[in-house]
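So that you can see what the record holds, here are the features copied from TrEMBL:
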DOMAIN    9-456  domain 'Major facilitator superfamily (MFS) profile'
TRANSMEM  57-81  transmembrane segment
TRANSMEM  93-111  transmembrane segment
TRANSMEM  117-137  transmembrane segment
TRANSMEM  149-168  transmembrane segment
TRANSMEM  180-201  transmembrane segment
TRANSMEM  267-287  transmembrane segment
TRANSMEM  307-325  transmembrane segment
TRANSMEM  332-353  transmembrane segment
TRANSMEM  365-390  transmembrane segment
TRANSMEM  402-425  transmembrane segment
TRANSMEM  431-452  transmembrane segment
Amino acid sequence: LTFPLVSVTLLVSFGSSMLYGYNLAVVNSPAEHIKAFYNATWSQRFGHGLGPAPLTLLYALTVSIFALGGLGGSLLVGVLVERYGRNGALSRSALLVLLAGGFMGFSRELGSPEMVIIGRSITGIHSGICLSVVPLYLGEIAPKNLRGFLGLMPSIFICLGVFSAQVLGLPELLGKDRFWPLFLSVVVVPASLQLLLLHCFPESPRYLLIERNDVCGATKALHRFLGSPDVQDVIEEMKEEQRSLSSMEMVSVWQLLRERSVRWQTLSVAVLNAGMQLSGIDAIWFYTNTIFENAGIPVSQIPYTTMGTGAIEVVAGLIGCFTIERVGRRPLIITGFCAMGVCSAGITISLLLNVPSQAALPWMRYVSVVCVVGIIAGFCMGPAGVPFLMTAELFMQSHRPAAYIVGGSLNWLCNFTIGLIFPFLQMSAGAFCYLVFCGVCLLVALYVYLVIPETKNKSFMEISHIFA
(Lines of atoms letter the chains of each structure in order from A and count residues from 1; the text may use other names and numbers.)
(Lines give C-alpha, C1' and ligand atoms only; values in the text may rest on other atoms or scores of the structure.)
Protein backbone atom coordinates (compact mmCIF):
# COMPACT_ATOMS: atom_id res chain seq x y z
CA LEU A 1 0.00 0.00 0.00
CA THR A 2 1.44 3.36 -1.05
CA PHE A 3 0.40 6.84 0.03
CA PRO A 4 -1.10 7.81 -3.40
CA LEU A 5 -3.04 4.51 -3.56
CA VAL A 6 -4.44 4.92 -0.04
CA SER A 7 -5.14 8.64 -0.55
CA VAL A 8 -7.09 8.29 -3.79
CA THR A 9 -9.07 5.34 -2.35
CA LEU A 10 -10.06 7.35 0.72
CA LEU A 11 -10.81 10.46 -1.35
CA VAL A 12 -13.15 8.85 -3.88
CA SER A 13 -14.78 6.73 -1.18
CA PHE A 14 -15.38 9.79 1.01
CA GLY A 15 -16.47 12.11 -1.80
CA SER A 16 -18.63 9.62 -3.70
CA SER A 17 -19.51 6.36 -1.93
CA MET A 18 -20.17 8.06 1.40
CA LEU A 19 -22.66 10.39 -0.28
CA TYR A 20 -24.58 7.39 -1.61
CA GLY A 21 -24.93 5.97 1.90
CA TYR A 22 -25.82 9.39 3.33
CA ASN A 23 -28.56 9.94 0.75
CA LEU A 24 -30.00 6.48 1.39
CA ALA A 25 -30.60 7.27 5.08
CA VAL A 26 -30.98 11.07 5.15
CA VAL A 27 -34.75 11.00 4.48
CA ASN A 28 -35.39 8.66 7.41
CA SER A 29 -35.35 10.92 10.50
CA PRO A 30 -36.84 14.14 8.98
CA ALA A 31 -39.72 12.24 7.32
CA GLU A 32 -42.43 13.84 9.46
CA HIS A 33 -40.95 17.34 9.04
CA ILE A 34 -40.80 16.97 5.25
CA LYS A 35 -44.38 15.64 5.14
CA ALA A 36 -45.52 18.60 7.27
CA PHE A 37 -43.77 20.99 4.84
CA TYR A 38 -45.49 19.32 1.87
CA ASN A 39 -48.87 19.50 3.58
CA ALA A 40 -48.45 23.16 4.59
CA THR A 41 -47.33 24.15 1.08
CA TRP A 42 -50.27 22.30 -0.48
CA SER A 43 -52.65 24.13 1.88
CA GLN A 44 -51.17 27.50 0.93
CA ARG A 45 -51.50 26.75 -2.79
CA PHE A 46 -54.89 25.06 -2.93
CA GLY A 47 -56.61 25.89 0.35
CA HIS A 48 -56.73 22.33 1.69
CA GLY A 49 -54.24 19.78 2.96
CA LEU A 50 -53.27 16.41 1.51
CA GLY A 51 -54.97 13.19 2.57
CA PRO A 52 -52.91 10.34 4.12
CA ALA A 53 -52.63 8.31 0.88
CA PRO A 54 -51.57 11.21 -1.42
CA LEU A 55 -49.11 12.44 1.24
CA THR A 56 -47.63 8.94 1.55
CA LEU A 57 -47.34 8.74 -2.24
CA LEU A 58 -45.64 12.16 -2.48
CA TYR A 59 -43.16 11.26 0.24
CA ALA A 60 -42.52 7.82 -1.31
CA LEU A 61 -41.77 9.64 -4.57
CA THR A 62 -39.29 11.88 -2.73
CA VAL A 63 -37.56 8.79 -1.34
CA SER A 64 -37.56 6.72 -4.53
CA ILE A 65 -36.77 9.52 -7.05
CA PHE A 66 -33.19 9.22 -5.77
CA ALA A 67 -33.08 5.74 -7.28
CA LEU A 68 -34.66 6.90 -10.53
CA GLY A 69 -31.91 9.52 -10.81
CA GLY A 70 -29.41 6.77 -10.04
CA LEU A 71 -30.77 4.74 -12.95
CA GLY A 72 -30.19 7.72 -15.26
CA GLY A 73 -26.68 8.19 -13.88
CA SER A 74 -25.79 4.54 -14.39
CA LEU A 75 -26.74 4.82 -18.07
CA LEU A 76 -24.22 7.68 -18.46
CA VAL A 77 -21.30 5.68 -17.09
CA GLY A 78 -20.12 4.23 -20.42
CA VAL A 79 -20.02 7.62 -22.18
CA LEU A 80 -18.32 9.39 -19.26
CA VAL A 81 -15.55 6.87 -18.60
CA GLU A 82 -14.75 6.53 -22.30
CA ARG A 83 -14.65 10.27 -22.93
CA TYR A 84 -13.15 11.61 -19.70
CA GLY A 85 -11.61 8.55 -18.02
CA ARG A 86 -12.35 7.27 -14.53
CA ASN A 87 -10.83 10.19 -12.67
CA GLY A 88 -12.43 12.75 -14.99
CA ALA A 89 -15.89 11.18 -14.69
CA LEU A 90 -15.76 11.40 -10.88
CA SER A 91 -14.61 15.03 -10.97
CA ARG A 92 -17.46 16.07 -13.26
CA SER A 93 -20.09 14.18 -11.28
CA ALA A 94 -19.15 16.10 -8.10
CA LEU A 95 -20.52 19.27 -9.72
CA LEU A 96 -23.98 17.68 -9.69
CA VAL A 97 -23.93 17.48 -5.90
CA LEU A 98 -23.29 21.22 -5.57
CA LEU A 99 -26.34 21.87 -7.76
CA ALA A 100 -28.50 19.40 -5.81
CA GLY A 101 -27.42 20.87 -2.47
CA GLY A 102 -28.57 24.30 -3.63
CA PHE A 103 -32.00 22.98 -4.66
CA MET A 104 -32.62 21.16 -1.37
CA GLY A 105 -31.06 23.81 0.87
CA PHE A 106 -33.30 26.62 -0.39
CA SER A 107 -36.49 24.58 -0.93
CA ARG A 108 -38.26 25.66 2.24
CA GLU A 109 -37.29 29.33 1.87
CA LEU A 110 -38.86 29.31 -1.58
CA GLY A 111 -41.83 27.17 -0.54
CA SER A 112 -41.14 24.55 -3.19
CA PRO A 113 -41.49 20.79 -2.53
CA GLU A 114 -40.52 20.34 -6.19
CA MET A 115 -37.00 21.57 -5.34
CA VAL A 116 -36.59 18.78 -2.77
CA ILE A 117 -37.64 16.18 -5.33
CA ILE A 118 -35.40 17.65 -8.06
CA GLY A 119 -32.47 17.84 -5.64
CA ARG A 120 -32.96 14.19 -4.63
CA SER A 121 -33.07 13.14 -8.29
CA ILE A 122 -29.80 15.01 -9.04
CA THR A 123 -28.03 13.40 -6.08
CA GLY A 124 -29.30 10.12 -7.49
CA ILE A 125 -27.67 10.84 -10.86
CA HIS A 126 -24.38 11.54 -9.04
CA SER A 127 -24.64 8.32 -7.03
CA GLY A 128 -25.58 6.33 -10.15
CA ILE A 129 -22.37 7.47 -11.82
CA CYS A 130 -20.13 7.04 -8.78
CA LEU A 131 -21.49 3.68 -7.66
CA SER A 132 -20.10 2.20 -10.89
CA VAL A 133 -17.08 4.42 -11.56
CA VAL A 134 -15.51 4.22 -8.07
CA PRO A 135 -15.15 0.39 -7.99
CA LEU A 136 -14.13 0.46 -11.67
CA TYR A 137 -11.37 3.00 -10.92
CA LEU A 138 -10.16 1.25 -7.75
CA GLY A 139 -10.30 -2.19 -9.39
CA GLU A 140 -8.05 -0.95 -12.20
CA ILE A 141 -5.44 0.86 -10.08
CA ALA A 142 -5.09 -1.80 -7.35
CA PRO A 143 -2.57 -4.66 -7.57
CA LYS A 144 -4.40 -7.98 -7.76
CA ASN A 145 -3.41 -9.05 -4.22
CA LEU A 146 -5.09 -5.88 -2.83
CA ARG A 147 -8.00 -5.62 -5.26
CA GLY A 148 -10.49 -7.10 -2.80
CA PHE A 149 -9.34 -4.95 0.13
CA LEU A 150 -9.45 -1.69 -1.83
CA GLY A 151 -12.58 -2.75 -3.69
CA LEU A 152 -14.52 -3.08 -0.43
CA MET A 153 -13.31 0.25 0.94
CA PRO A 154 -16.22 2.12 -0.74
CA SER A 155 -18.71 -0.17 1.03
CA ILE A 156 -17.26 0.92 4.38
CA PHE A 157 -17.81 4.54 3.41
CA ILE A 158 -21.36 3.72 2.30
CA CYS A 159 -21.92 2.44 5.85
CA LEU A 160 -20.21 5.54 7.25
CA GLY A 161 -22.52 7.69 5.14
CA VAL A 162 -25.58 5.94 6.55
CA PHE A 163 -24.18 6.30 10.08
CA SER A 164 -23.42 10.00 9.51
CA ALA A 165 -27.02 10.61 8.43
CA GLN A 166 -28.27 8.79 11.53
CA VAL A 167 -26.03 10.82 13.86
CA LEU A 168 -26.79 14.19 12.25
CA GLY A 169 -30.49 13.31 12.27
CA LEU A 170 -30.62 13.14 16.08
CA PRO A 171 -33.00 15.69 17.67
CA GLU A 172 -30.01 17.33 19.41
CA LEU A 173 -28.29 18.04 16.06
CA LEU A 174 -30.03 18.54 12.68
CA GLY A 175 -33.13 16.47 13.47
CA LYS A 176 -35.18 19.55 14.35
CA ASP A 177 -37.86 20.87 12.01
CA ARG A 178 -35.99 24.08 11.16
CA PHE A 179 -32.79 22.25 10.16
CA TRP A 180 -34.00 19.61 7.69
CA PRO A 181 -33.05 21.62 4.51
CA LEU A 182 -29.50 21.97 5.89
CA PHE A 183 -29.53 18.28 6.80
CA LEU A 184 -30.32 17.34 3.19
CA SER A 185 -27.71 19.70 1.69
CA VAL A 186 -24.69 18.71 3.87
CA VAL A 187 -23.63 16.53 0.91
CA VAL A 188 -21.92 19.53 -0.73
CA VAL A 189 -19.01 19.34 1.78
CA PRO A 190 -17.45 15.97 0.75
CA ALA A 191 -18.25 16.63 -2.92
CA SER A 192 -16.38 19.96 -2.80
CA LEU A 193 -13.36 18.27 -1.21
CA GLN A 194 -13.29 15.63 -3.95
CA LEU A 195 -13.63 18.29 -6.65
CA LEU A 196 -10.65 20.21 -5.24
CA LEU A 197 -8.27 17.28 -4.69
CA LEU A 198 -9.03 14.59 -7.27
CA HIS A 199 -7.09 16.31 -10.06
CA CYS A 200 -3.90 15.73 -8.00
CA PHE A 201 -4.05 11.99 -8.75
CA PRO A 202 -3.35 10.23 -12.07
CA GLU A 203 -5.83 8.46 -14.31
CA SER A 204 -6.26 4.68 -14.28
CA PRO A 205 -3.14 3.06 -15.85
CA ARG A 206 -5.29 0.41 -17.57
CA TYR A 207 -7.45 3.11 -19.16
CA LEU A 208 -4.38 5.04 -20.33
CA LEU A 209 -2.64 2.04 -21.88
CA ILE A 210 -5.46 -0.16 -23.19
CA GLU A 211 -7.94 2.50 -24.32
CA ARG A 212 -5.65 5.49 -25.00
CA ASN A 213 -2.47 3.57 -25.96
CA ASP A 214 -0.49 5.94 -23.70
CA VAL A 215 2.31 3.67 -22.46
CA CYS A 216 4.30 6.55 -20.98
CA GLY A 217 1.30 7.92 -19.04
CA ALA A 218 0.37 4.44 -17.80
CA THR A 219 3.95 3.81 -16.64
CA LYS A 220 4.06 7.10 -14.69
CA ALA A 221 0.68 6.36 -13.11
CA LEU A 222 1.85 2.89 -12.06
CA HIS A 223 5.04 4.34 -10.54
CA ARG A 224 2.90 6.64 -8.39
CA PHE A 225 0.26 4.11 -7.39
CA LEU A 226 2.57 1.14 -6.77
CA GLY A 227 5.56 3.10 -5.47
CA SER A 228 7.97 0.85 -7.37
CA PRO A 229 10.42 1.70 -10.17
CA ASP A 230 9.90 -1.78 -11.69
CA VAL A 231 6.40 -2.00 -13.16
CA GLN A 232 7.33 -3.83 -16.35
CA ASP A 233 5.46 -7.02 -15.37
CA VAL A 234 2.22 -5.07 -14.89
CA ILE A 235 2.77 -3.22 -18.20
CA GLU A 236 3.28 -6.53 -20.01
CA GLU A 237 0.11 -7.99 -18.49
CA MET A 238 -1.86 -4.95 -19.70
CA LYS A 239 -0.26 -5.15 -23.15
CA GLU A 240 -1.27 -8.82 -23.37
CA GLU A 241 -4.85 -7.83 -22.61
CA GLN A 242 -4.60 -5.00 -25.15
CA ARG A 243 -3.38 -7.45 -27.82
CA SER A 244 -6.24 -9.84 -27.08
CA LEU A 245 -8.64 -6.93 -27.57
CA SER A 246 -6.88 -5.40 -30.58
CA SER A 247 -9.55 -6.55 -33.03
CA MET A 248 -12.40 -5.61 -30.69
CA GLU A 249 -13.77 -2.17 -29.91
CA MET A 250 -15.51 -1.21 -26.67
CA VAL A 251 -18.73 -3.20 -26.72
CA SER A 252 -22.16 -1.62 -26.27
CA VAL A 253 -24.78 -2.85 -23.82
CA TRP A 254 -26.71 -4.50 -26.65
CA GLN A 255 -23.57 -6.28 -27.87
CA LEU A 256 -22.79 -7.43 -24.34
CA LEU A 257 -26.27 -8.90 -23.90
CA ARG A 258 -26.03 -10.74 -27.24
CA GLU A 259 -22.48 -12.09 -26.82
CA ARG A 260 -22.62 -15.78 -25.91
CA SER A 261 -19.03 -15.97 -24.66
CA VAL A 262 -19.83 -13.76 -21.64
CA ARG A 263 -23.44 -14.74 -21.02
CA TRP A 264 -22.75 -16.34 -17.61
CA GLN A 265 -20.74 -13.32 -16.48
CA THR A 266 -23.54 -11.00 -17.61
CA LEU A 267 -26.21 -13.12 -15.90
CA SER A 268 -24.11 -13.21 -12.72
CA VAL A 269 -23.78 -9.42 -12.66
CA ALA A 270 -27.54 -9.09 -13.20
CA VAL A 271 -28.38 -11.53 -10.38
CA LEU A 272 -25.96 -9.94 -7.91
CA ASN A 273 -27.04 -6.35 -8.57
CA ALA A 274 -30.76 -7.07 -8.62
CA GLY A 275 -30.37 -9.27 -5.54
CA MET A 276 -28.64 -6.47 -3.63
CA GLN A 277 -31.71 -4.23 -3.82
CA LEU A 278 -34.45 -6.89 -3.77
CA SER A 279 -32.86 -8.26 -0.57
CA GLY A 280 -34.79 -5.54 1.27
CA ILE A 281 -31.80 -3.54 2.47
CA ASP A 282 -33.14 -0.30 1.01
CA ALA A 283 -36.50 -0.85 2.70
CA ILE A 284 -34.58 -1.18 5.97
CA TRP A 285 -32.50 1.97 5.33
CA PHE A 286 -35.32 4.12 3.96
CA TYR A 287 -37.88 3.15 6.59
CA THR A 288 -35.88 2.09 9.68
CA ASN A 289 -37.84 4.39 12.00
CA THR A 290 -41.18 3.07 10.70
CA ILE A 291 -40.06 -0.55 11.14
CA PHE A 292 -38.95 0.10 14.73
CA GLU A 293 -42.17 1.99 15.47
CA ASN A 294 -44.24 -0.96 14.19
CA ALA A 295 -42.13 -3.26 16.37
CA GLY A 296 -43.17 -1.28 19.44
CA ILE A 297 -39.95 0.61 20.19
CA PRO A 298 -40.79 3.85 22.09
CA VAL A 299 -40.67 6.84 19.74
CA SER A 300 -38.18 8.71 21.94
CA GLN A 301 -35.70 5.79 21.69
CA ILE A 302 -35.96 5.17 17.93
CA PRO A 303 -33.29 7.71 16.75
CA TYR A 304 -30.72 6.25 19.15
CA THR A 305 -31.63 2.66 18.28
CA THR A 306 -31.23 3.53 14.60
CA MET A 307 -27.84 5.15 15.29
CA GLY A 308 -26.72 1.98 17.09
CA THR A 309 -27.53 -0.10 14.00
CA GLY A 310 -25.43 2.33 11.95
CA ALA A 311 -22.41 1.83 14.20
CA ILE A 312 -22.73 -1.95 13.89
CA GLU A 313 -22.89 -1.79 10.08
CA VAL A 314 -19.61 0.17 10.00
CA VAL A 315 -17.97 -2.57 12.11
CA ALA A 316 -19.42 -5.24 9.77
CA GLY A 317 -18.03 -3.37 6.75
CA LEU A 318 -14.58 -3.27 8.34
CA ILE A 319 -14.73 -7.01 9.04
CA GLY A 320 -15.57 -7.69 5.39
CA CYS A 321 -12.82 -5.37 4.14
CA PHE A 322 -10.09 -6.93 6.28
CA THR A 323 -11.09 -10.54 5.66
CA ILE A 324 -11.87 -10.57 1.93
CA GLU A 325 -8.29 -11.29 0.85
CA ARG A 326 -8.12 -14.14 3.37
CA VAL A 327 -11.49 -15.88 2.86
CA GLY A 328 -12.31 -14.78 -0.71
CA ARG A 329 -15.31 -13.21 -2.43
CA ARG A 330 -17.72 -16.17 -2.53
CA PRO A 331 -17.82 -16.97 1.22
CA LEU A 332 -18.47 -13.33 2.12
CA ILE A 333 -21.31 -12.87 -0.33
CA ILE A 334 -22.95 -16.26 0.37
CA THR A 335 -22.75 -15.76 4.15
CA GLY A 336 -24.07 -12.20 3.83
CA PHE A 337 -27.12 -13.14 1.77
CA CYS A 338 -27.92 -16.16 3.97
CA ALA A 339 -27.74 -14.00 7.12
CA MET A 340 -30.03 -11.43 5.52
CA GLY A 341 -32.54 -14.12 4.51
CA VAL A 342 -32.69 -15.66 7.99
CA CYS A 343 -33.05 -12.23 9.65
CA SER A 344 -35.83 -11.20 7.23
CA ALA A 345 -37.78 -14.28 8.29
CA GLY A 346 -36.96 -13.36 11.90
CA ILE A 347 -38.55 -9.91 11.50
CA THR A 348 -41.77 -11.52 10.23
CA ILE A 349 -41.90 -13.92 13.20
CA SER A 350 -41.13 -11.20 15.75
CA LEU A 351 -43.81 -8.85 14.37
CA LEU A 352 -46.43 -11.64 14.33
CA LEU A 353 -45.67 -12.54 17.95
CA ASN A 354 -45.76 -8.92 19.11
CA VAL A 355 -49.37 -8.13 18.14
CA PRO A 356 -51.37 -6.14 20.74
CA SER A 357 -53.15 -8.99 22.49
CA GLN A 358 -53.02 -10.96 25.70
CA ALA A 359 -50.72 -13.48 24.04
CA ALA A 360 -48.24 -10.83 22.86
CA LEU A 361 -44.58 -11.24 23.75
CA PRO A 362 -43.24 -7.72 24.45
CA TRP A 363 -39.62 -8.84 24.32
CA MET A 364 -40.09 -9.72 20.64
CA ARG A 365 -39.63 -6.01 19.81
CA TYR A 366 -35.96 -6.48 20.67
CA VAL A 367 -35.80 -9.51 18.38
CA SER A 368 -36.95 -7.16 15.59
CA VAL A 369 -34.07 -4.81 16.38
CA VAL A 370 -31.59 -7.70 16.39
CA CYS A 371 -32.91 -8.92 13.02
CA VAL A 372 -32.65 -5.42 11.50
CA VAL A 373 -29.06 -5.24 12.77
CA GLY A 374 -28.42 -8.72 11.32
CA ILE A 375 -29.73 -7.71 7.88
CA ILE A 376 -27.58 -4.57 7.81
CA ALA A 377 -24.48 -6.35 9.17
CA GLY A 378 -24.87 -9.22 6.69
CA PHE A 379 -25.26 -6.75 3.83
CA CYS A 380 -22.26 -4.61 4.80
CA MET A 381 -20.04 -7.64 5.27
CA GLY A 382 -20.33 -8.81 1.67
CA PRO A 383 -23.27 -7.92 -0.60
CA ALA A 384 -22.68 -4.16 -0.17
CA GLY A 385 -19.37 -4.12 -2.03
CA VAL A 386 -18.51 -7.49 -3.54
CA PRO A 387 -20.95 -7.28 -6.52
CA PHE A 388 -19.35 -4.02 -7.72
CA LEU A 389 -15.87 -5.48 -7.23
CA MET A 390 -16.81 -8.68 -9.09
CA THR A 391 -18.26 -6.70 -12.00
CA ALA A 392 -14.77 -5.33 -12.58
CA GLU A 393 -13.18 -8.76 -12.14
CA LEU A 394 -15.50 -10.83 -14.34
CA PHE A 395 -15.00 -8.82 -17.55
CA MET A 396 -12.16 -7.71 -19.81
CA GLN A 397 -11.47 -4.02 -20.42
CA SER A 398 -13.61 -3.88 -23.57
CA HIS A 399 -16.72 -5.22 -21.79
CA ARG A 400 -16.33 -3.59 -18.38
CA PRO A 401 -18.15 -0.23 -18.93
CA ALA A 402 -21.14 -1.98 -20.56
CA ALA A 403 -21.24 -4.50 -17.70
CA TYR A 404 -21.35 -1.65 -15.18
CA ILE A 405 -24.22 -0.06 -17.10
CA VAL A 406 -26.20 -3.34 -17.01
CA GLY A 407 -25.46 -3.97 -13.33
CA GLY A 408 -26.00 -0.35 -12.31
CA SER A 409 -29.26 -0.02 -14.22
CA LEU A 410 -30.72 -3.14 -12.62
CA ASN A 411 -29.43 -2.04 -9.22
CA TRP A 412 -31.12 1.35 -9.41
CA LEU A 413 -34.31 0.08 -11.06
CA CYS A 414 -34.82 -2.40 -8.23
CA ASN A 415 -33.87 0.31 -5.70
CA PHE A 416 -36.56 2.61 -7.13
CA THR A 417 -39.15 -0.17 -7.11
CA ILE A 418 -38.52 -1.11 -3.47
CA GLY A 419 -38.43 2.53 -2.30
CA LEU A 420 -41.76 3.27 -4.01
CA ILE A 421 -43.79 0.15 -3.22
CA PHE A 422 -42.48 -0.85 0.22
CA PRO A 423 -44.84 1.44 2.24
CA PHE A 424 -47.83 0.06 0.32
CA LEU A 425 -46.51 -3.53 0.52
CA GLN A 426 -46.15 -3.09 4.26
CA MET A 427 -49.72 -1.77 4.56
CA SER A 428 -51.19 -4.63 2.52
CA ALA A 429 -49.07 -7.64 3.55
CA GLY A 430 -48.04 -6.52 7.03
CA ALA A 431 -45.30 -8.61 8.62
CA PHE A 432 -45.35 -11.12 5.74
CA CYS A 433 -43.75 -8.59 3.33
CA TYR A 434 -40.30 -9.51 4.71
CA LEU A 435 -40.71 -13.11 3.54
CA VAL A 436 -40.35 -11.84 -0.06
CA PHE A 437 -36.91 -10.48 0.83
CA CYS A 438 -36.05 -13.74 2.60
CA GLY A 439 -36.74 -15.75 -0.55
CA VAL A 440 -34.68 -13.41 -2.76
CA CYS A 441 -31.66 -13.55 -0.43
CA LEU A 442 -31.60 -17.35 -0.22
CA LEU A 443 -31.99 -17.75 -4.01
CA VAL A 444 -29.11 -15.34 -4.72
CA ALA A 445 -26.89 -17.19 -2.22
CA LEU A 446 -27.72 -20.48 -3.97
CA TYR A 447 -26.91 -19.00 -7.39
CA VAL A 448 -23.52 -17.72 -6.21
CA TYR A 449 -22.73 -21.11 -4.68
CA LEU A 450 -23.59 -22.99 -7.89
CA VAL A 451 -22.34 -20.63 -10.62
CA ILE A 452 -19.80 -17.96 -9.65
CA PRO A 453 -16.15 -19.02 -9.18
CA GLU A 454 -13.70 -17.56 -6.69
CA THR A 455 -11.72 -14.64 -8.19
CA LYS A 456 -9.27 -13.93 -5.35
CA ASN A 457 -5.67 -13.25 -6.47
CA LYS A 458 -6.44 -13.93 -10.14
CA SER A 459 -5.71 -11.64 -13.07
CA PHE A 460 -8.52 -10.45 -15.34
CA MET A 461 -7.28 -12.80 -18.07
CA GLU A 462 -7.27 -15.82 -15.73
CA ILE A 463 -10.84 -15.08 -14.57
CA SER A 464 -11.99 -14.81 -18.17
CA HIS A 465 -10.41 -18.22 -18.93
CA ILE A 466 -12.16 -19.82 -15.90
CA PHE A 467 -15.56 -18.76 -17.23
CA ALA A 468 -14.67 -19.84 -20.76
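A Cβ is built for glycine as well, from the same backbone N, Cα and C atoms used for every other residue.
Taken as a whole, the domain 'Major facilitator superfamily (MFS) profile' (9-456) shows an average pLDDT of 83 in this prediction. Below 8 A, the CB atoms of the transmembrane segment (117-137) and the transmembrane segment (402-425) form 3+ pairs separated by six or more positions in the chain. Taking residue pairs at least 6 apart in sequence, the transmembrane segment (332-353) and the transmembrane segment (402-425) share fewer than three C-beta contacts under 8 angstroms. At the 8 Å Cβ threshold, with sequence separation of at least 6, the transmembrane segment (307-325) lacks contact with the transmembrane segment (93-111), having fewer than 3 such pairs.
When each of 57-81, 93-111, 180-201, 365-390 is scored by its Cβ pairs under 8 Å to the transmembrane segment (149-168), the top-ranked stretch turns out to be 365-390. Scored by C-beta pairs under 8 angstroms, the transmembrane segment (180-201) has its highest count with 93-111, from the stretches 57-81, 93-111, 365-390.
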